[in-house]
Amino acid sequence: MRSVSNHQTGFPHQLGHISNHAATIAEVLKAAGYATLCAGKWHLAPTNDISAAGPFDQWPLGRGFDRFYGFLEGETDQFHPQLVVDNHHIDPPGTPADGYHLSEDLVDQLLQMINDSKGVRPDRPFFAYLPFGATHAPHQAPESYLAKYRGRYDEGWDVTRQRWYERQLELGVTSSDTQLAPRNPGVEAWEDLPNNHQKFACRLQEAFAAFLDHTDDQVGRFIDGLRKMGQLENTILVFLADNGASQEGGPFGVMHEMKFFNGVFDSPDDLIDRIDEIGGPHSHTNYPWGWAQCGNTPFKWYKQNTHEGGVHVPMILHWPVGVGPEQNGTLRRQFVNVSDVAPTIYELLGLTAPETHNGLEQLPVTGRSFAPILNAPDLPATNRLQYFEQFGSRALIAEDNGTWWKAVTRHIKGQSFDEDRWELYNLSADQSECTDLAEVEPTKLEELVDLWWEEAEIHGVLPLDDRTIELFGSRLDDHSPHPTHRKYRYRPPMSPIPAQAAPSPSGRSWNMTARLRSESPDEGVLYATGNENSGMTVFIQDSHLVVDYNAFDEHTIVESDVPIPEGENVLLVKIERTSRTSGRVELAVNDLVCGSVELPFMMRMISSIGASVGYDHGSAVSARYDAPYEFTGELHEVVIELGARTSAETQTAAKAEMSRQ
């Protein structure tokens with residue numbers, strides 16, 4: 001696999017899912033008799049496959065897990081998540097008003113699964129996987145955690161990064177000769193920022209910190225739960241991050257990512273009056289580059305890059321029964337890659353990776369077990385050669401006579417791969433990649449670059465491909481939920497439709513037709529897409545047809561000027577795009593045009609949240625009702641007909657999807 005896991009290119013290394021020739025650790029352990037349990041983020045199934053229609057072979061239960069509770073996409077709202085249990089979609093069990101937060105729910109659910117399994121089958125070991133949505137955007141946390149961090153970062157990212165760097169040296173988590181990398185290009189000196197920019201950036205960082213702190217408490221609750229069950233001492237806990245801090249917030253940070261991807265670039269001055277919403281249910285934020293580099297202290301660059309800021313993350317292992325007490329709290333500086341985790345677990349459990357699984361020959365396991373260094377901290381690293389590649393950026397780390405070298409290039413999208421400039425670092429003396437030795441050691445650089453190409457050939461990395469947003473417009477499989485004629489017919493009741501499987505009305509003309517039977521008191525939502533931050537909803541209220549077009553909390557509402565008759569009715573909503581940024585909504589009841597309104601701003605990307613038929617799933621798109629506001633009459637069907645899109649409009653919609661990965 002390469003790139004974002006659910007991208008599809010048609011090449012063997014990017015099928016949108018884990019190859020069936022590579023059994024997951026859950027599949028291996030399940031075959032060995034383990035209960036396999038997962039709660040959290042999946043993001044390992046093709047985007048077209050995650051609706052209630054499936055197919056389900058790449059969902060968690062199709063890849064080795066007995067139970068699953070979580071979400072299938074790259075991110076989700078922490079207060080109104082798009083949840084799945086096993087192989088079906090559900091509504092969240094609570095709301096923000098109830099004190100609901102997804103991270104707490106995930107821990108509760110996973111502990112319940114473990115307790116159920118051990119209660120009935122105490123002899124059966126378990127494998128539990130807990131991939132939080134945290135701290136991926138949106139950064140959302142309970143109010144008490146947000147309040148805890150008010151004013152904590154007023155000193156700015158330059159002072160904070162220096163302080164964190166000194167703390168790392170004090171703790172010994174970075175070697176004493178490690179330098180603090182300079183600010184990344186595009187990161188301004190804190191003191192040069194206007195006052196409102198500083199306030200906005202601080203509040204975004206406070207939300208991230210609150211989110212992280214809250215997650216840390218949930219990890220603690222999970223560990224306490226294992227302890228209460230008597231399972232902690234003999235459970236191997238492996239805790240790690242998946243990449244460096246995110247660069248998707250841009251130079252200023254964003255209050256609402258969908259607004260950003262609609263080409264509406266609010267400045268911090270425009271948003272300063274709304275900063276108290278940051279981190280709560282009414283925001284979808286990500287922090288700016290300056291705070292992201294702070295999170296990557298002492299390194300440079302970010303997630304998506306193959307420099308240390310993108311790939312160097314901490315890992316903690318805890319196993320009281322298997323790791324001697326004299327090792328408690330000790331550090332390991334040996335190089336370890338994420339691909340080394342599974343073979344380590346197999347060795348500790350006395351298992352070997354299967355040569356065949358489900359009748360398919362298996363690929364060789366590429367990682368190296370680091371089990372030997374757990375009780376012998378002075379042993380050398382077992383993995384001494386590792387390639388990296390992401391969106392065309394590449395790197396190779398290799399050990400040579402005790403010195404660890406790294407060749408790395410930061411690819412610019414659209415530029416020829418032959419034009420990429422390779423850098424060379426001696427990681428043994430320069431962990432933060434501050435001194436480029438490419439001109440001093442050209443022979444070593446050439447050796448490592450050649451070795452990268454050899455590794456890429458061996459492990460199926462090629463062909464190189466720097467496409468990102470373009471891949472979201474592709475329909476490469478035979479079971480796409482998107483008909484070529486762009487006409488969707490839904491008959492309720494239906495589960496929520498994920499964004500990737502729902503009609504995509506963004507930035508185009510489209511029609512919605514609802515056939516229903518209604519009596520005078522009947523009311524409720526006929527069709528809704530999006531959430532309270534942005535979306536569109538069609539509903540009946542006080543016997544009138546209503547459309548609320550919510551463009552980032554700017555509501556354009558039109559209501560039919562005639563009541564809906566009792567009995568059978570056909571209701572039509574026509575949305576016409578009249579210019580690049582504006583549009584028009586027209587209503588008709590039984591072919592009688594009975595209302596229209598101009599849309600001053602027609603969103604190119606309505607929302608990353610999907611659609612619901614007969615109710616409003618998640619947070620309410622309109623302030624005129626409380627979700628789910630189910631339709632009380634008899635809704636026979638809803639038909640969505642989409643107009644054609646230009647290639648530029650398709651690219652815009654895909655760009656918004658890319659932001660969620």
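Here the Cβ of each residue, glycine as well, is placed from N, Cα and C on the backbone.
As given in TrEMBL:
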{"type": "DOMAIN", "residues": "7-350", "note": "domain 'Sulfatase N-terminal'"}
{"type": "REGION", "residues": "482-509", "note": "region 'Disordered'"}
{"type": "COMPBIAS", "residues": "497-506", "note": "compositional bias 'Low complexity'"}
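On the 0 to 100 pLDDT scale, the model's mean across the domain 'Sulfatase N-terminal' (7-350) is 95. Counted with DSSP, the region 'Disordered' (482-509) comes out as 0 helix, 5 strand, 23 coil. Beyond the ends of the compositional bias 'Low complexity' (497-506), by six or more residues, the same chain brings 47-48, 50-53, 72-73, 82, 89, 481-482, 486, 488, 490, 529, 536, 575, 603-613, 640, 642, 649, 652-653, 656-657 to within a C-beta distance below 8 angstroms of the stretch.
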